[in-house]
Amino acid sequence: MGPQNRNTSFAPDLNPPQDHVSLNYSYGDYDLPLGEDEDVTKTQTFFAAKIVIGVALAGIMLVCGIGNFVFIAALARYKKLRNLTNLLIANLAISDFLVAIVCCPFEMDYYVVRQLSWAHGHVLCASVNYLRTVSLYVSTNALLAIAIDRYLAIVHPLKPRMNYQTASFLIALVWMVSILIAVPSAYFTTETILVIVKNQEKIFCGQIWSVDQQLYYKSYFLFVFGLEFVGPVVTMTLCYARISQELWFKAVPGFQTEQIRKRLRCRRKTVLLLMGILTAYVLCWAPFYGFTIVRDFFPTVVVKEKHYLTAFYVVECIAMSNSMINTICFVTVKNNTMKYFKKMLRLHWRPSHYGSKSSADLDLKTSGVPATEEVDCIRLK
């Protein structure tokens, strides 16, 4: 079957009438070295990359699926956990949880089982790509909102904090911006049959921009790169730099009680954790954006490299693994969510005559608390 006779932004153009396959590479996310004698998906390099990708996807499904479910369940059950920072973290948890249980199984089948061949139809192809893109932007925007919230709470403690209505508006804004910006990833996603080697076809699933839309694609990518990576990283870096100056290099006037010192240690621990998360975010996503820039704006640098497709998927895998770091840091380190979850399970299976006392002691009411309540370090008694 002859592929479409058009140049694309995410797949190469094949011209079937010719005796041999002619490639006109452009700005591709999933360009396959077509028409070569050797199937790149059968090489040892791709086999090793497939193992790495499979392990990473399995880790994402396990860590993000279970970890974020535990956090969401604990947050819904215990009002003590519901402060503004945790409400923002909940956005990360929800988006990563959806990716872990919805996207990753299909990606495991696409990358590892079928080795870059899609078998689930156009609707699921577009939906999986769209949901994964929305999750990335939600995570980025939520991390940015958390950094700004910490900045206002620590550097400007006397200014009024956000109330519940403002926090709800901010959370809605995080999702609306992410959903709207990611629309092109769904609109331009399609299935395309590509001939990798002679008489061997694979069904490509990804974004395809026609040759006359390359300028729009470049503009869109640069817009997203600035709005969802450079801008947030610079803003978060400035926020945490100013917070660090406030917590470590500013003398606290007056006598410091044990409670004040404990609060300061708590805030320092939280900020160190958040700076570590920012560092992990940059280390995971910078290679992905860097590779994409080189591939889309300087295509001759990579298209001649035999294993550049394998390299791209490994880079993409590293980027996706950032969700595991977020889950481990936010869910298990910061809030001791597992302790709350274990308490919840013990309470659920405890005999009924102990139920009322346990509920009162553990503060299990599901009514909300003010979004301005600050709990930097939560510990069970």
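The backbone N, Cα and C atoms fix where each Cβ goes, and this holds for glycine too.
Computed from a predicted structure; not experimentally measured.
Membrane topology per Swiss-Prot: Phe47 and Tyr217 share a side, carrying the same topological domain name.
As annotated in Swiss-Prot, Cys205 shares a disulfide bond with Cys125, one of the listed residues Cys125, Cys239, Cys266, Cys284. For the residues Asn24, Asn83, Swiss-Prot attaches the annotation N-linked glycosylation site to Asn24, which does not rule out the feature elsewhere. Sequence-distant residue pairs (6 or more apart) of the transmembrane segment (311-331) and the transmembrane segment (221-241) include fewer than 3 whose Cβ atoms are under 8 Å, leaving the two stretches without contact. Same-chain residues at least 6 positions away in sequence with a Cβ under 8 Å from that of Cys205 (disulfide bond) are, in sequence order, Tyr110, Trp118, Cys125, Val128, Asn129, Thr189, Thr190, Glu191. Beyond the ends of the topological domain 'Extracellular' (108-133), by six or more residues, the same chain brings 30, 32, 41, 46, 50, 53-54, 57-58, 61, 98-99, 102, 182-183, 185-186, 189-191, 202-207, 313, 320 to within a C-beta distance below 8 angstroms of the stretch. Only residues 6 or more beyond the boundaries of the transmembrane segment (134-154), in the same chain, are considered here, and those with a CB under 8 A from a CB of the stretch are 84-85, 88-89, 91-92, 94-96, 98-99, 103, 161-162, 170, 174-175, 177-179, 181-182, 228-229, 232, 235-236, 239-240, 242-243, 246-247, 267, 270-271, 274, 277-278, 281, 322-323, 326, 374. Residue counts for the topological domain 'Extracellular' (190-220) under DSSP, helix first, then strand, then coil, are 10 helix, 17 strand, 4 coil.
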